[in-house]
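Annotated features, as they stand in Swiss-Prot:
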type	residues	note
DISULFID	Cys99-Cys191	disulfide bond
CARBOHYD	Asn7	N-linked glycosylation site
TOPO_DOM	1-27	topological domain 'Extracellular'
TOPO_DOM	49-56	topological domain 'Cytoplasmic'
TOPO_DOM	78-101	topological domain 'Extracellular'
TOPO_DOM	123-135	topological domain 'Cytoplasmic'
TOPO_DOM	157-198	topological domain 'Extracellular'
TOPO_DOM	220-239	topological domain 'Cytoplasmic'
TOPO_DOM	261-273	topological domain 'Extracellular'
TOPO_DOM	295-309	topological domain 'Cytoplasmic'
TRANSMEM	28-48	transmembrane segment
TRANSMEM	57-77	transmembrane segment
TRANSMEM	102-122	transmembrane segment
TRANSMEM	136-156	transmembrane segment
TRANSMEM	199-219	transmembrane segment
TRANSMEM	240-260	transmembrane segment
TRANSMEM	274-294	transmembrane segment
Amino acid sequence: MDISEGNKTLVTEFVLTGLTDRPWLHVLFFVVFLVVYLITMVGNLGLIVLIWNDPHLHMPMYLFLGGLAFSDACTSTSITPRMLVNFLDKTAMISLAECITQFYFFASSATTECFLLVMMAYDRYVAICNPLLYPVMMSNKLSAQLLSISYVIGFLHPLVHVSLLLRLTFCRFNIIHYFYCEILQLFKISCNGPSINALMIFIFGAFIQIPTLMTIIISYTRVLFDILKKKSEKGRSKAFSTCGAHLLSVSLYYGTLIFMYVRPASGLAEDQDKVYSLFYTIIIPLLNPFIYSLRNKKVMHALRRVIRK
């Protein structure tokens, strides 16, 4: 839909071109991503229910893990259902209001996840490096407060970008060459200059992603040195097993996020950017519940107790 304003025709609906311009692949992609979405939701929501119902998992580590699972479920839900609709809809239209809403919920869950990963790294640092002080330094009350702070920051941060986004007008093009309403793609088709918007994305991205990543790196560096000091091979194996999964998830998540949002314009192909976006919007939310659960003995014991019932 277009609205006339003076001599300009303002665009209020956009066309999402999706992952491919080959129509014969749409049905195949629909089936693949539907299966991925269902597995993602079952994995993450199942993990939340498991942690909620099992008293043995009512500990800070699993509280953060449950928070991460909820954040991943929100990330996937903000992107995948609309993408599935577009695979079957020849027009693939999305309104400006829907576009901004999709961006808000994605940005909110992504911001929350950055801080949750920091909390989880700190939790592992305290548990491995200061086990005797763990009940004091990471109590259930403190972990609940930290979890709440992560979600509050995640709720507030995207409002800055949404308010700036509402200042932009779209009057020339309405085609977004992407599979969701990615904010940098909206900047490309805006009529008025998005330089302030782009600057805020870079500044907030740098101030959120880089300090949180550095905190995680420092925490795990300390953990690594502590592990290497352990004489027990069993103790080393257990600690590496616990932290290795976390580091894998962090590397994938931060690597793609920083490459997308904390970098100068590089003129890279849009298809390459789509691949990076797929990692933090769809692939990582799919993998996280399995990365954290399959190597965690307490989670697996809790799952076996549920199956036996």
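In case you wondered, yes, glycine gets a Cβ from its N, Cα and C as well.
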All-chain count of other Cβ atoms within 10 Å of Cys191 (disulfide bond): 14
Contact between the transmembrane segment (136-156) and the transmembrane segment (240-260) (3 or more Cβ pairs under 8 Å, separation 6+): no
Neighbouring C-beta atoms (10 Å sphere around the C-beta of Cys99 (disulfide bond)): 24
Intrachain residues whose Cβ lies under 8 Å of the transmembrane segment (102-122), provided they are six or more past its termini: 61, 64-65, 67-68, 71-72, 74-75, 77-79, 82, 94, 138, 143, 146-147, 149-151, 153-155, 157-159, 161-162, 165, 180-183, 186, 208-209, 212, 215-216, 219-220, 246, 249-250, 253-254, 257, 280-281
Tally of residues which DSSP labels helix, strand or coil - the topological domain 'Cytoplasmic' (49-56): 7 helix, 0 strand, 1 coil
Top partner of the transmembrane segment (274-294) among 57-77, 199-219, 240-260 - counted as Cβ pairs under 8 Å: 240-260
Surrounding residues of the transmembrane segment (28-48) on its own chain - C-beta under 8 Å, 6+ positions past either end: 18-20, 65-66, 69-70, 72-73, 76-77, 80-81, 83-84, 87-88, 282, 285-286, 288-290, 292-293, 299
DSSP residue counts for the topological domain 'Cytoplasmic' (123-135), split into helix, strand and coil: 12 helix, 0 strand, 1 coil
Overall pLDDT of the topological domain 'Cytoplasmic' (123-135), taken as the mean: 88
Long-range neighbours of the topological domain 'Extracellular' (78-101), counting only residues six or more past its ends (CB under 8 A): 1, 11-19, 26-27, 29-30, 33-34, 36-37, 40, 109, 162, 165-166, 170, 179-181, 186, 281-282
Remote residues contacting the topological domain 'Cytoplasmic' (123-135) - C-beta distance under 8 A, at least 6 residues beyond either end: 60-61, 64, 143, 219-220, 222-223, 226-227, 239, 242-243, 246
Chain residues in Cβ proximity to the topological domain 'Cytoplasmic' (49-56) (below 8 Å; excluding those fewer than six residues from its ends, i.e. six or more beyond): 62-63, 65-66, 69, 298-299, 301-303, 305-306
Other parts of the chain folded back onto the topological domain 'Cytoplasmic' (295-309), taken as Cβ under 8 Å at six or more residues beyond its ends: 47, 50-51, 53-54, 56-57, 62, 241-242, 244-245
